[in-house]
Amino acid sequence: MEPSDREPLVRKTSSSYQTFPRSAVRRLDKEYLRSLHNTRLYLAAFAAVLGNFTFGFALVYPSPVIPALEAHPNPALRLDQHTAPWFGSVFTLGAAAGGLSTMLLNDCLGRKLSIMFSALPSAVGFALMAGAQGVWMLLLGRVLTGYAGGVTSAAIPVYISEISHPGVRGMLGACPQIMAVLGSLALYALGLVLDWRWLAVAGEVPVLTMIILLCFMPNSPRFLLSQGKEKEALGSLCWLRGSDTDYAQEYEQMKDSVRKQSRRISCAEIKDPFMYKPILIAGVMRFLQQLSGVTCILVYLQSIFKKTSVILKPEYDAALVGLVRLFSVAVAAVSMDKAGRKILLFVSGGVMLASNLTMGIYILCMSAPQNGTIANKTLVSSENLPAEPTNYITLIPLLATMFFIMGYALGWGPITWLLMSEILPLKARGVASGLCVIVSWLTAFILTQAFLPVVNAFGLEVPFLFFAVISAGNILFTGCCVPETKGRSLEQIEAFFRTGRRSFMR
């Protein structure tokens, strides 16, 4: 072999050190690309994130349904100013309960079986809403679909991060958010042609598809190793990376990482910075994510557009916002492994700040001449208000909302979920991810429950100005506390928090 055909890479053998020839390096590169592009990995990710599609569909279900049920001829199904906030917010209460139960489900059943388990309450919830004969059935259906959403919120990001190849973990980590956006967009689009009962029937389709596909998918190799099932873990990783790739090295790294950690975390270990710092970062990010107002805006989107008298019909405005959200999440998925997590979080926070501030100032200026009339004070039954003359300045709320959703979808939407699954230590990942989901959805419940009463009492501009202040806090938190995890393996991220040495992140 010619000297020029050698690289300064070495490998230790039983008796000496040998260099890798270039042909061997090329072979390793081909194996890397084969493991990176193995279609089975993407099939497993798709099967799992169908749960997020259902979650996004169910989350925004009230947007077209609340206006329809406020005018329903049957008193038993008619929503008023007391029941409408509950119909919008009780989903998040169910999601918090789902996150709480996932603290146990993630470590007992495993990530895949937890996702499959969520199909049961989801299917029952949609069936209740489709056949509802009273408000109580609607509320119970919302609770059950919310519970399923809480389970998938905690289980799917962990499953995706643990099966993903490091080279595409950022892209796959954005897929749960992309599918949630697709679910919301599907709801807005179907809401143009279907009534509220058939919308609930349509929600059953992705649930059934998910449960069928997941029956053929493997469990997380890291979870199987934590359960002592080494042979199954190796088989799972082989399926995910391809049998013709060098997956054995990655398996040994996983095995070594799991071996260093016990299956259960003690209260004393929580005091270790290696444990509480990533958990605290993930929890605060989920808290700030919800305080930025995204759930309130999505749930009450059509009602907000009716209040602000946007030039287009509210249902078309909602569909436009859904399209913008989908485009932005797709951009984030492509950019995450190139630009990095932190830069997208900075951009996201800045766009959200500007959008909320614009919306708040616009409503404040436009409502001042009305001198506190009912048009400025309520979102409920706003379809009975007299029509206003066409004014192109009313495009401002639509554009501000579209930019807010764009900013959220670029960073604080998908990256918050991805970082939660990346930075949480393995031994606490199941419990801590459930805890983060509880924080997130309890915050969302309080906000969505209080949103309409605050608007009725103080005006629509108050919550938007509050959301602007929170968006500024998001930017500060990103700069001070959030680590950059682009291109790092889960083992490298754990080593960084364990030692505090940034060399592990380079």
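In case you wondered, yes, glycine gets a Cβ from its N, Cα and C as well.
TrEMBL: automatically predicted annotations, no manual curation.
Positions annotated as domain 'Major facilitator superfamily (MFS) profile' by TrEMBL: 44-486.
Nonlocal intrachain contacts for the transmembrane segment (41-63), taken as residues 6+ away from its ends with a CB within less than 8 angstroms of a stretch CB, comprise 87-88, 91, 112, 115, 118-119, 122, 125-126, 129, 142, 145-146, 148-149, 152-153, 155-156, 159-160, 163-165, 168, 172, 175-184, 186-188, 191, 199-200, 202-203, 206-207, 209-210, 213-214, 216-218, 240-241, 295, 298-303, 318. Residues annotated as transmembrane segment in TrEMBL: 41-63 (among others).
Feature annotation from TrEMBL assigns transmembrane segment to 83-105 (among others).
Residues of the same chain lying 6 or more positions beyond the ends of the transmembrane segment (144-160) and with a Cβ under 8 Å from any Cβ of it are 45, 48-49, 51-52, 54-55, 58-59, 61, 90-103, 105-106, 111-112, 114-115, 117-122, 124-126, 128-129, 169, 172-173, 175-176, 203, 220, 417-418, 420-421, 424, 429-430, 433-434, 436-438, 440-441. Residues annotated as transmembrane segment in TrEMBL: 144-160 (among others).
As annotated by TrEMBL, transmembrane segment applies to 172-190 (among others). Panel annotation: around the transmembrane segment (172-190), residues 41-42, 45-46, 49-50, 52-61, 63-64, 156-157, 160-161, 164, 198-199, 202, 206, 298, 315, 318-319, 321-323, 325-326, 329-330, 332-333, 336, 409, 413-415, 417-418, 421-422 of the same chain, lying at least six beyond its termini, place a Cβ under 8 Å from a Cβ of the stretch.
According to TrEMBL, the transmembrane segment annotation covers 196-217 (among others).
According to TrEMBL, the feature transmembrane segment maps to 279-301 (among others).
Only residues 6 or more beyond the boundaries of the transmembrane segment (343-364), in the same chain, are considered here, and those with a CB under 8 A from a CB of the stretch are 292-293, 308, 332, 335-336, 396-397, 400-401, 403-404, 406-408, 410-413, 415, 459-462, 464-465, 467-468, 471-472, 474-475, 478-479, 482. Taken from TrEMBL, the feature transmembrane segment covers 343-364 (among others).
Feature annotation from TrEMBL assigns transmembrane segment to 392-419 (among others). Sequence-remote contacts of a segment are chain residues at least 6 beyond its ends whose Cβ falls under 8 Å from one of its Cβ atoms, and for the transmembrane segment (392-419) they are 153, 157, 161, 169-170, 173-174, 176-178, 181, 281-282, 285-286, 288-289, 292, 294, 297, 301, 304-305, 308-312, 317, 320-321, 324-329, 331-333, 335-336, 341, 344-352, 354-356, 358-359, 362-363, 366, 474, 482, 485.
Per TrEMBL, the feature transmembrane segment maps to 431-452 (among others). Under 8 Å from some Cβ of the transmembrane segment (431-452) lie the Cβ atoms of residues 81, 84-86, 88-90, 92-93, 95-96, 98-107, 146, 150, 153-155, 157-158, 265, 278-279, 282-283, 286-287, 289-291, 293, 295-296, 299-300, 379-380, 420-421, 424-425, 463, all in the same chain and six or more residues away from its ends.
A Cβ distance under 8 Å defines the sequence-distant neighbours of the transmembrane segment (464-482), meaning residues of its chain 6+ beyond its ends; these are 281, 284-285, 288-289, 291-293, 341-342, 345-346, 348-350, 352-353, 356-357, 359-360, 363-364, 412, 419. As annotated by TrEMBL, transmembrane segment applies to 464-482 (among others).
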